[in-house]
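These features come from TrEMBL:
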type	residues	note
DOMAIN	44-246	domain 'TLC'
TRANSMEM	6-32	transmembrane segment
TRANSMEM	53-72	transmembrane segment
TRANSMEM	92-110	transmembrane segment
TRANSMEM	174-196	transmembrane segment
TRANSMEM	208-229	transmembrane segment
Amino acid sequence: MDVNTKLFISIICTSFFTFQLLFYFVSYWFSAKVSPGFSSLSFEKKIEWNSRVVSSCHSLVVGIFGLYIFLFDEPTKADPLWGDPSLANVNIAIASGYLISDLSILILYWKVIGDKFFIIHHCAALYGYYFILKDGVLAYVGNFRLLAELSSPFVNQRWFFEALKYPKFSKANVINGILMTVVFFIVRIASMPPLYGLMYSVYGTEPYIRLGFLIQCSWIISCAVLDVMNVMWMIKISKGCIKVISLIRQEKAKNSLQNGKLD
């Protein structure tokens with residue numbers, strides 16, 4: 001076992017236990033301190049709440065770190081297929097530890113938070129990250145995909161508002177909903193053309209051929225699986241956002257008529 005492999009295994013294990021600690025201990029204490037409504041939630045709601053707190057923490061860490069690597073890590077940017085993966089692989093190892101942690105929580109509390117789409121998502125991501133960490137290839141692509149995590153805090157915040165029974169039309173809820181839709185689209189949908197454009201541009205080149213058939217197929221399949229789910233989630237989020245905006249407009253029109261005004 002080489003030094004890099006030992007390092008990545010250490011990071012994955014550290015990440016796993018850190019997120020487990022956050023779920024089972026830190027989130028309970030922190031959430032009760034910052035949100036009085038947390039204590040009144042049911043056991044099932046508290047489980048999902050803690051899961052989403054951990055998800056948000058993970059998203060902020062790997063998303064911000066990934067954005068830094070995307071913008072400033074020249075070795076990875078210079079060669080997307082075979083560039084020096086050192087920094088990007090650290091981020092991918094952190095994400096892998098989280099995915100394993102979250103999978104264990106999903107399975108343990110399946111009746112409460114089990115979701116087959118999350119299982120598919122996590123397994124597809126871990127499958128791709130395995131080859132990146134094992135062979136030191138496609139680190140740029142793996143890190144680029146982690147930018148999608150920047151949308152998760154908004155998705156989780158929407159759930160927190162619902163759990164605390166915030167009015168759907170409250171300012172905080174509406175603003176978060178709009179930001180969630182915009183950010184989700186930018187990092188998960190608008191990012192697809194550049195990614196598949198890169199895939200097309202390197203197809204048939206010597207660096208691409210050196211990847212080998214297994215990694216080539218794994219790259220395509222894992223990205224396709226993740227993006228199909230991203231499109232499904234985007235459609236669901238968009239419908240929800242459009243519905244809320246439509247209801248707000250109807251409410252405004254109703255109030256205008258009641259006041260004897262026509263806008």
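The first residue you see is number 1, and the count goes up from there.
Cβ atoms here come from the backbone N, Cα and C positions, even for glycine.
Automatic prediction, not curation, is the source of TrEMBL annotations.
Since the structure is predicted, the reported quantities are computational estimates derived from the model, not experimental observations.
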Average the per-residue pLDDT over the domain 'TLC' (44-246) and send me the rounded value.
-> 93
Which range out of 6-32, 174-196, 208-229 gives the transmembrane segment (92-110) the most CB pairs under 8 Å?
-> 6-32
